[in-house]
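These features come from Swiss-Prot:
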type: BINDING; residues: Gly171, Asp172, Arg173, Gln174, Thr175, Gly176, Lys177, Thr178; note: ATP binding site
type: SITE; residues: Ser364; note: site 'Required for activity'
Amino acid sequence: MAVKLQADEISSIIKERIENFEIDVDINEIGKVVGIADGITTVYGLNNVMAGEVVEFDNGAKGLVLNLEEANVGVVVLGTSAGIKEGMSVKRSGALLKTPVGDGLMGRVVNPLGDPIDGKGTIETAEYRFIEEKAPGIMARKSVHEPLQTGIKAIDALVPVGRGQRELIIGDRQTGKTTLAIDTIINQKGQDVVCIYVAIGQKQSTVAATVKKLEEHGALDYTIIVNAGASDSAALQFLAPYAGVTMAEYFRDNGRHAVIFYDDLSKHAVAYREMSLILRRPPGREAYPGDVFYLHSRLLERAAKLSDELGAGSITAFPIIETQAGDVAAYIPTNVISITDGQIFLETDLFNSGIRPAINVGLSVSRVGGAAQIKAIKQVSGTLRLDLASFRELQAFAQFASDLDDYTRSQLERGQRMVEVLKQGPYVPVPVEKQVVIIFAGANGYLDDIAASSVTKFEAELMPFMEAKYASVLDAIRNEKKISDDTDAQLRKAIEDFKTSFAG
């Protein structure tokens with residue numbers, strides 16, 4: 001028997017069907033590649049694309065939109081441009097570039113997109129962040145007041161760095177810039193500080209040697225290495241520092257402390273210049289584009305010490321700049337000097353004369369780190385900078401003067417010994433309490449009767465002696481962070497006690 005449907009039933013069924021009817025339409029804006037040269041493609045037809053948006057090519061390659069022109073857009077290819085041809089389709093993603101962040105990245109070597117390149121398998125990270133983020137404003141920040149110990153005597157005593165500071169490391173090639181960075185990373189062991197080392201445009205063998213050195217000292221466990229090598233495209237080299245600081249911001253925003261090294265921003269500027277010239281942007285001084293200052297300022301402003309309300313986390317930045325024949329007045333060096341809170345200037349002549357780290361104390365400065373220096377170091381190194389400056393002056397004068405009075409001679413002798421005190425081998429950072437002890441010995445004349453050539457031996461033997469017999473003095477300096485009258489007396493007694501047994 002056939003079922004009879006009433007007219008109102010039919011209309012209600014049709015109405016229900018109409019209400020539940022959905023058209024699943026996937027609307028994509030698709031453009032076409034009209035030109036490609038040196039990793040930069042010109043794409044036609046993406047009328048609504050955003051600056052900084054990620055686009056996808058037919059062959060799966062990804063690109064980043066940098067130029068928005070009237071008819072076309074300039075897209076840099078992220079990775080290799082092999083396989084991209086004219087006429088190929090390009091699809092919008094609607095998303096800006098992101099990179100993975102989090103604890104899962106520690107101990108790994110990644111490219112600027114967050115993909116692992118160390119052969120240790122995939123990285124488990126739950127969070128992604130935009131590579132370009134706005135720097136914290138004035139009210140979100142707090143003044144730099146906590147010390148960041150580098151373990152390098154000359155820096156901690158004369159050019160102190162605080163958490164949240166930007167301190168430039170500048171010098172010619174082969175003057176020990178990367179060594180300073182590695183030393184500082186090694187010295188953060190046990191300090192609950194995450195280190196990020198960004199290698200830009202370096203040889204893969206150099207980066208491999210750095211990774212090996214960090215592994216040997218057990219420092220890779222709390223370090224992330226972001227590598228855009230010399231063989232990688234200019235686009236990846238350009239993105240590397242921004243990816244690195246995005247990873248650091250995750251720790252800063254969670255109330256933790258991070259240190260980031262950009263090695264080096266000279267190559268970063270060169271990569272940006274290469275991209276800009278191919279994108280036909282007008283060149284300026286030294287053929288760099290007009291916004292090369294903003295390139296570095298927006299990067300370095302993201303290093304900050306956050307206020308207590310925002311968790312009091314910090315990012316300390318150490319940008320590295322390579323100069324040509326000591327020319328600090330070139331375009332990129334002067335730009336970065338003006339952005340940072342001080343600079344550590346390394347000199348070839350000092351390096352070649354055996355003074356290592358080859359820090360020029362006269363030209364190096366820390367504009368905000370003094371507020372972060374612990375009192376014990378301030379007490380022993382108060383006049384050290386002036387003493388070394390007058391020593392250099394006297395040294396130049398003594399070359400021409402045959403007979404010197406006793407005071408001048410004693411100043412020269414003291415200066416020579418202080419220069420020896422500040423010398424240090426690579427990859428052996430010195431804890432702050434031991435720095436205080438040896439600088440105290442030099443500043444108070446305990447090394448005046450020790451031959452300058454024996455100062456290093458004196459220090460090497462003094463430290464085990466202090467640990468064995470006067471550990472309480474080292475503990476007092478470490479815990480109180482100052483030299484009390486009692487500690488001062490104990491320290492003098494310890495050094496005098498050691499000198500009786502020292503055979504220089």
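Using N, Cα and C of the backbone, Cβ positions are placed for all residues, glycine too.
Within its own chain, Lys177 (ATP binding site) has Ile169, Ile170, Gly171, Asp263, Asp264, Ile320, Glu322, Leu346 as residues 6 or more apart in sequence whose C-beta sits under 8 angstroms from its own.
Of all Cβ atoms in the shown protein chains, 27 besides its own fall within 10 Å of the Cβ of Gly171 (ATP binding site). In sequence order, Leu158, Val159, Gly342, Gln343, Ile344, Phe345 constitute the residues six or more apart from Ser364 (site 'Required for activity') in its chain with CB-CB distances below 8 Å. Around Arg173 (ATP binding site), the C-beta neighbours below 8 angstroms that are at least 6 residues distant in the chain are Glu322. Within 8 Å of the centroid defined by the CB atoms of Gly171, Asp172, Arg173, Gln174, Thr175, Gly176, Lys177, Thr178, the record's ATP site, lie the Cβ atoms of Glu322, Leu346, Thr348, Phe351, Ala358, excluding the listed residues themselves.
Applying an 8 A CB threshold to same-chain residues 6+ apart, the list for Gly176 (ATP binding site) reads Leu346, Phe351, Arg356, Pro357, Ala358, Pro426. Listed in sequence order, the residues of the same chain lying 6 or more apart from Asp172 (ATP binding site) and placing their CB within less than 8 Å of its CB are Glu322, Thr323, Gln324, Ala325, Gly326, Leu346, Glu347, Thr348. For Thr175 (ATP binding site), the Cβ neighbour count at a 10 Å cut-off comes to 26, with all displayed protein chains included. Under the DSSP three-state reduction, Gly171 (ATP binding site) is assigned to strand.
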